[in-house]
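Undergrad: Pasting in a structure now, in structure tokens, and then I'll have a few things to ask.
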Amino acid sequence: MEEDMQAQAIPQPNSRDVSPPTEPLAPTVLIKKLSLTDKLLTPAILVSMIVGVVIGEFAPGVQSAFDTARFASVSAPIAVGLIIMMWPILTKVHFEALPRILLTRRMLAHVLLSLLLNWVVAPLVMLALAWAALPDLPTYRTGVIMVGLARCIAMVMVWNALARGDGDYCAVLVVLNSVLQIALYSPYAVWFVNIMGGAGADIRVSYGDVAISVLIYLGIPLGAGLLTRLFFLVFTSREFFTVRFLPLISPLAPLGLLYTIIVLFAYQGHHILDNIGPTFRVIVPLVLYFSVMWAGAFALVWYLGRRAVARRQVGADAWSYEMAVVQSFTAGSNNFELAIAVTIAVYGVGSDQALAATIGPLVEVPVLLALTWFALYLGRALKWGNIQSEDDPEPADISMREIAATSIEPEKRKEEAGLDPL
């Protein structure tokens, strides 16, 4: 969400040598593990919304000023902000990890489970919740559905690190979701909005419009992220890329998001004040979605692990606490940046759909932070098939200086294996 996301540089536990947490962390301790930007993301979004509404209310000419230049049917300043906020996120994706890890049988099972949860169950759950909470608000309902179709590729790496999930497998699932969204988001939007979403003729989406928007606002930053990563890993060192370059560009993601939110709410100043009730109703299906998907995925992996242990199956440790964290946070979070970009491009910056999509990060960050603490508690409270005798180390503080000083040897080992240190 998604942010000074230091996921690339957060030391991640590996499921082969790390046990579930032996002592839960207090919520205040967990919050301290977040970077300053991640701590401030939710209040910053609230402030940006207020600033945008004030600008729209007292400076009505700002809308026409932003529309003087357009790119792909979107105001050029907004288009630039949408692309910039995606580039740092996708630069952190471990594209090079995909071939090696996918060759393992263990990963194949988790990939199939992730595909089921992310591309079958999750959109249907969001569709059902959107209908239940917003049956009389088709435009807002459409925006919520569009959020449910966008699978998370950003903040999930932060939540996974804080909850001590498996970093290698999380990186692979992020790569898969990044690629699949380019291919599947457009047909999914047509199916879930036009057919299952009950959209009228005035809010139906065009496959071509959505496809173009996805290619622009996901394809361009995805290609830029891949090329940026390749360039620095080839012509510099992995340590320079991880410790120096990524922290330099990471602030662009939250700045681009906050800038887009300010412009969006400046466009909608009058509209928001006149429809404050529907705006708050959008929060309900989002909170339920994040909670239900996270809990369902976590419980499923725990159940599969306990069943495998009871049956003394080979590879029972594949359904470990670390993998439960990966699956639950991947299934229970969304790529709200893409949803915002597509709804703005398809429906317009002043639409109800774009407004509903913008509520996504406001809700997701505090809910998933609470679920991170709950995951650490469950890691201690539940029985897992891979519990070892030694205590799990404390989650690493998201500090670039500390990482540079303490994780040199793990970086070398992962570099030999062809993986980035997380």
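Each position is counted from 1, following the chain as shown.
Every residue, even glycine, has its Cβ placed from backbone N, Cα and C.
Automatic prediction, not curation, is the source of TrEMBL annotations.
Sharing the record's features from TrEMBL:
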type: REGION; residues: 1-22; note: region 'Disordered'
type: TRANSMEM; residues: 40-59; note: transmembrane segment
type: TRANSMEM; residues: 71-90; note: transmembrane segment
type: TRANSMEM; residues: 111-134; note: transmembrane segment
type: TRANSMEM; residues: 140-162; note: transmembrane segment
type: TRANSMEM; residues: 169-190; note: transmembrane segment
type: TRANSMEM; residues: 210-233; note: transmembrane segment
type: TRANSMEM; residues: 245-267; note: transmembrane segment
type: TRANSMEM; residues: 279-304; note: transmembrane segment
type: TRANSMEM; residues: 325-349; note: transmembrane segment
type: TRANSMEM; residues: 355-378; note: transmembrane segment
type: REGION; residues: 391-422; note: region 'Disordered'
type: COMPBIAS; residues: 409-422; note: compositional bias 'Basic and acidic residues'
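Can you walk me through where each of these features ends up in the structure?
TA: Counting same-chain residues at least six beyond the ends of the transmembrane segment (111-134), those with a Cβ under 8 angstroms from any Cβ of the stretch are 102, 140-141, 144-145, 147-149, 151, 172-173, 176-177, 180, 184, 188, 192, 196-198, 278, 281-282, 284-285, 288-289, 292-293, 296-297, 300-301, 327, 330-331.
Proximity of distant same-chain residues to the transmembrane segment (279-304), defined by a Cβ-Cβ separation under 8 Å and at least 6 residues beyond the stretch ends, is recorded for 113, 117, 121-122, 125-126, 129-130, 132-134, 137, 140, 143-144, 147-148, 272, 319, 323-325, 327-333, 355-356, 359-360, 362-364, 367-368, 371, 375, 378, 382, 384.
Under 8 Å from some Cβ of the transmembrane segment (355-378) lie the Cβ atoms of residues 1-2, 21, 24-27, 30-31, 34, 38, 41-42, 45-46, 49, 139-144, 146-147, 155, 159, 162-164, 257, 261, 264-265, 268, 271-272, 279, 282-283, 286-287, 290-291, 294, 298, 302, 324-325, 328-329, 332-334, 336, 339-340, 343, all in the same chain and six or more residues away from its ends.
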Undergrad: Please give the sequence-distant neighbours of the transmembrane segment (325-349): residues at least 6 beyond its ends with Cβ less than 8 Å from one of its Cβ atoms.
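TA: Residues 1-2, 66, 72-75, 78, 82, 85-86, 89, 110, 113-114, 117-118, 121-122, 142-143, 146-156, 159-160, 163-166, 169-170, 173-174, 177, 181, 185, 189, 203, 205-206, 209-210, 212-214, 216-218, 257, 260, 263-264, 267-268, 289-291, 293-298, 300-301, 356-358, 360-361, 364, 368, 371-372, 375, 379.
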Undergrad: Using Cβ atoms and a strict cutoff of less than 8 Å, what residues sit near the transmembrane segment (245-267) while being 6 or more residues removed from its termini?
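TA: Same-chain residues near the transmembrane segment (245-267) but 6 or more away: 1-6, 8-9, 37, 41, 44-45, 48-49, 51-53, 55-56, 59, 62-63, 66, 75, 77-78, 81-89, 91-92, 154, 232, 236, 337, 340, 344, 349-350, 354-355, 358, 361, 400.
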